[in-house]
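Q: Relevant sequence annotations retrieved from TrEMBL are reproduced here:
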| type | residues | note |
| --- | --- | --- |
| ACT_SITE | A:His409 | active site, GMP-histidine intermediate |
| BINDING | A:Asp100, A:His208 | Mn(2+) 1 binding site |
| BINDING | A:207-211, A:333-334, A:383-386, A:Ser390, A:409-412, A:Lys486 | GMP binding site |
| BINDING | A:His239, A:His333 | Mn(2+) 2 binding site |
| REGION | A:178-197 | region 'Disordered' |
Amino acid sequence: MTTFDANGITLERVREYVWEIPQEDGMRAPARVLASEALLEEIKEDKTLEQIKNTTHLPGITDHAICMPDGHQGYGFPVGGVGALDAENGCISPGAVGYDINCGVRMMRTNLTYDDLKGHEEELVDSLFANIPSGLGGGGVVEAGVDTVDEILARGVDWALEHDYAVEDDLLHCEDEGMREGADPSKISQKAKDRGKNQIGSLGSGNHFLEVQRVTDVFDDAVGEAFGLSEDQIVVLIHCGSRGLGHQTCNDYLRKIEQQHQGLLNQLPDKELAAAPAGSQLAEDYYGAMNAAINFAWVNRQLIMHRTRQVFERVFDRSWEDMEMDLLYDVAHNIAKKETHTVGDGEEREVYVHRKGATRAFPAGHPDVPKAYRDVGQPIIIPGSMGAGSYVLRGGANSMDLTFGSTAHGAGRLMSRTQAKNEYWGGDVQQQLEEQDQIYVKAQSGATVAEEAPGVYKDVDEVVRVSDELGIGDKVARTFPVCNIKG
Amino acid sequence: MGFELRDHTADVAVSATGDSLEATFGAVADGLAAASCDEIATESGERFSLSVTAEGREALLFDYLDELIYLRDVRAELPVDHRVDSIDVESADGTEEWALEASARGVPLAEIDAREVKAVTYSEMSLERTDDGGWEAYVVFDV
């Protein structure tokens, strides 16, 4: 048997790109890592493998916990972690969803080509930066009272439709049509709502960004056509989440679990994995709150997209409809969803699939894929660093068998933020990107540019190659940045 | 005595020491401010006070830092120059109630280039006595 020794943790090769950490003391299931040896060399360098092992201690873990090819160390659950926890006998874990509930990515198409955009880059990046709130304390597209926050939490993008921030077609190209069922605004604390009300329609900072991109490659013509993508086309990618409202909700529930379910917590190797037992009041409350925060994040991305359409209208002096600025799709990559899966013994089970830094990747024909894409599979958007390309994939035929219908979510960090700031200076990174790659970057903070420099990320090409080879998410197209704004 | 920012792949960690629990909590909070902003204005902003209670010592540290992040968002100010005036504990019926009184100076976010620290985490959190009778703390923040 081929094994890989990762600083004291031995992984056994199941087949190409599939590695298993066998079940041992305290683990309720084996852990799997989906990676090439090159990616494993990077993954073994931090605590990712220890963290994916720890997640198998959660009650009700089904088949195995899985680390995606872009996995890296997080808190509790690794980033790039997928765990299906039995919805009847298992648990739901706020820590395994993460602080930024429904952090995710959406892509909007245009009918502009790169040639149409050339010469307008600076004007466009300046106008986007001036009009789309980013960073700390920058406000939101909408400043609202708590009543409005409650409506957004309950109705998601349907609220945006009513207030002319969305069109019907946007809803048809979003998971759950932009409205998560079972959302319960009353389970979100006043503190969380107070944080959220000034941030509706804002990017935040860190790794969140808005990018104007050009499509450089279409690898699969038929699926590319179904997604409306062609070479040289301009698209817009928006990456952000539920802002302070989601972060507060996660911590509110971590603390409640600590106070009410100490017994379960004491069985877990990391306090950050805190989970509420399935069927408990707290599990119900958290699920209602998380679904509401999911709606908030969708509206957040919708408002940013709406504002982006207005900016394009001004810069190009055409209506957004005329530029066919339509939503391609919106994917969440910090989320837990109750889904039905066929598990190891062939039985159908309801499980809470936790995807933290992982993206749902349902294949063609799955009833939960929106009608627009059901014949080709769900679109998956994988953002790369600001110097590398991003990818559009589609849910692969093997995803239901291998990963509870999931794949990677990005490039995955390689270098810490403190180290990045020692190695790079924001101004140099910005200048280099503009001169060498014609990428125009604008940020609230130079430190953010340094922390997000292309060199701090893993090779997104390798992450996507492994996803494609495994058949969990198949390559459809690649994009390259033109303008990037961040906090 | 004081704090250091430590490497963490995705996030940022603060390691802090102090000769009392109060000084240590204050140093972690100063670390949180430093992780949010490289150049902290020395004079801008008014001081404000805050009180936090929790059921344990670590929980108090968690709730204190959580409250500071909450106040940052709702006041639109970055809390800096932290002072923890008192940490008291009362025990009754086998449960403890910990209470903290603190203050900070709130620098308006509009005046500085601050980055968002999303949340305090329990991941790898430690709060322990040192051999010389002081305290040391390690806290990972989600960025």
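Using the three backbone atoms N, Cα and C, a Cβ is placed for every residue, glycine included.
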Q: Counting distance between Cα atoms, which of the recorded positions A:Asn207, A:His333, A:His409, A:Gly412 is nearest A:Asp100 (Mn(2+) 1 binding site)?
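A: In terms of Cα distance, A:Asp100 (Mn(2+) 1 binding site) lies closest to A:His333.
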Q: Tell me, in order along the sequence, which binding-site residues from A:Asn207, A:His208, A:Leu210, A:His239 have their CA within 10 Å of A:His409 (active site, GMP-histidine intermediate).
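A: Among A:Asn207, A:His208, A:Leu210, A:His239, not one has a Cα sitting within 10 Å of that of A:His409 (active site, GMP-histidine intermediate).
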Q: Would you list, in sequence order, the binding-site residues among A:Asn334, A:Ser385, A:Gly412 whose CA lies within 10 Å of the CA of A:His239 (Mn(2+) 2 binding site)?
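A: Cα within 10 Å of A:His239 (Mn(2+) 2 binding site): none.
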Q: Taking chain B as the partner, extract the recorded positions from A:Asp100, A:Leu210, A:Asn334, A:Ser385, A:His409, A:Gly412 whose Cβ is under 8 Å from a partner Cβ; order them by sequence and answer 'none' if none remain.
A: A:Asp100
Q: State which of the following binding-site residues has the fewest other Cβ atoms within 10 Å around its Cβ: A:Asn207, A:Asn334.
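A: So among A:Asn207, A:Asn334, the binding-site residues given, the one with the fewest Cβ atoms within 10 Å is A:Asn207.
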Q: What is the Cβ neighbour count of A:His239 (Mn(2+) 2 binding site) at a 10 Å cut-off, with all protein chains included?
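A: There are 25 such Cβ atoms around A:His239 (Mn(2+) 2 binding site).
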Q: Please identify, among the binding-site residues A:His333, A:Ser385, A:Gly412, the one with the smallest Cα-Cα distance to A:His208 (Mn(2+) 1 binding site).
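A: Sorting the binding-site residues by distance from A:His208 (Mn(2+) 1 binding site), the top entry is A:Ser385.
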Q: Can you tell me how far the Cα of A:His333 (Mn(2+) 2 binding site) sits from the Cα of A:Leu210 (GMP binding site), in Å?
A: 16
Q: Counting only other Cβ atoms and using a 10 Å cut-off, which of the binding-site residues A:His208, A:His333 scores lowest?
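A: If we count Cβ atoms within 10 Å for the binding-site residues A:His208, A:His333, the smallest count is at A:His208.
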